[in-house]
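Peer 1: Following this message is one structure expressed as structure tokens.
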Amino acid sequence: MRILFAGTPSCAVPALNLIAREFDLCGVLTNPPAPAGRNKKMQDSDTALAVKELIKEGVLPENFPILTPQKLDDNYRKELEALKSELLVCFAYGKIFGPKTMALFPLGGINIHPSLLPRWRGPAPVPAAILAGDKLTGITIQTLAQKTDCGSILGQLEIPLNDSETTESLLADCADKCCPLLRDVLSDFENKLKQARPQEEAKALYCSMLKKEDGLIDWSKPAEEIERKIRAFTPWPGCFTFKNSEKISIIEANLYEDASNEMTKNKKFGTILGTDKKCGILIQTGNGILAVSVLQKQAKKKLEWKDFLNGSPDFLEGGFET
């Protein structure tokens, strides 16, 4: 079974490595080089870099095809057709495949999705699970369908959550844990396809693409909700607020349980209440107190709260804009 793998970010790399080492990988489809870092130098995708490493190791041949089309057009489809792929395996590629592309794969396509479908269909399932305070998420391998994330389920793996995960850590966990599930599906693909079950439409929930402006903190929200948002938006788009019109990124924070009634009495949300030497800078929210432990000024380094205050001694006066 000749497999074409489509993926772009680092979370796709473990699945790529598995297929390259244990199955018949005939090509890789990934996004073209893009500007990265402070200098905005053009850089290959994490998936493309991983393929080049596999070539260096001798796992893949020197002339192994890496396709990086800007558009999924007729020219790219000719390149695909030449590979004679039978199955498409996709994880976080970043583009949607139309019927003309899918017609090139006799066995169709499958997608690795980091949620327990039909919960959290869409482009940001990991942040969505953290934002919602889910206690359980997981990985789904589904058939590729015309409607996004609506394919039949070939396999699922549950991952319990403990209210400490960030999107970065949870996505990395999903990337590693998907490999045994993917091996199981690909090793017995014909039978898995026969046993595939449709999703329960009544249980479907959708998440939308995150935007930079979504990271603005609304201090009128409960502390619990803001804390989840900070974890869900790590590393991107990040959470931020403003103080005296200066943008301040909130990198890490925790719920603060030791507040006295006197401390919070008649305090408006967004007010900086002071500090706790073990927890950080204390912020009044719409319900409860948030202890901020790592902050960052624009174009500056991330700092632990004590170091941050050493460079900004007046920071504790007043509060954040709401």
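Counting starts with 1 at the first residue shown.
Using the three backbone atoms N, Cα and C, a Cβ is placed for every residue, glycine included.
When I checked Swiss-Prot for this same protein, it listed these features:
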type: BINDING; residues: S115, L116, L117, P118; note: (6S)-5,6,7,8-tetrahydrofolate binding site
Peer 1: Tell me the Cβ contacts of L116 ((6S)-5,6,7,8-tetrahydrofolate binding site) under 8 Å, same chain only and six or more apart in sequence, or just say none.
Peer 2: L136, T137, G138, T140, Q156, E158
Peer 1: Taking 8 Å from the centroid of the Cβ atoms of S115, L116, L117, P118 as the cut-off, which other residues in that chain fall inside it around the (6S)-5,6,7,8-tetrahydrofolate site?
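Peer 2: These residues sit around the (6S)-5,6,7,8-tetrahydrofolate site: H113, R119, W120, R121, P125, G138, T140, D149, Q156, Q199.
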Peer 1: Tell me the Cβ contacts of L117 ((6S)-5,6,7,8-tetrahydrofolate binding site) under 8 Å, same chain only and six or more apart in sequence, or just say none.
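Peer 2: Correct list: T140, Q142, D149, I153, Q156, Q199.
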Peer 1: Enumerate same-chain residues with a sequence separation of six or more from S115 ((6S)-5,6,7,8-tetrahydrofolate binding site) and a Cβ-Cβ distance below 8 A; give 'none' if the list is empty.
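Peer 2: Expected: R121, P125, V126, A128, A129, T137, G138, I139, T140.
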Peer 1: Does P118 ((6S)-5,6,7,8-tetrahydrofolate binding site) have same-chain partners at least 6 apart in sequence with Cβ under 8 Å from its own Cβ, and which are they?
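Peer 2: Residues satisfying the criterion: D149, C150, Q199, E200, E201, K203, A204, L205.
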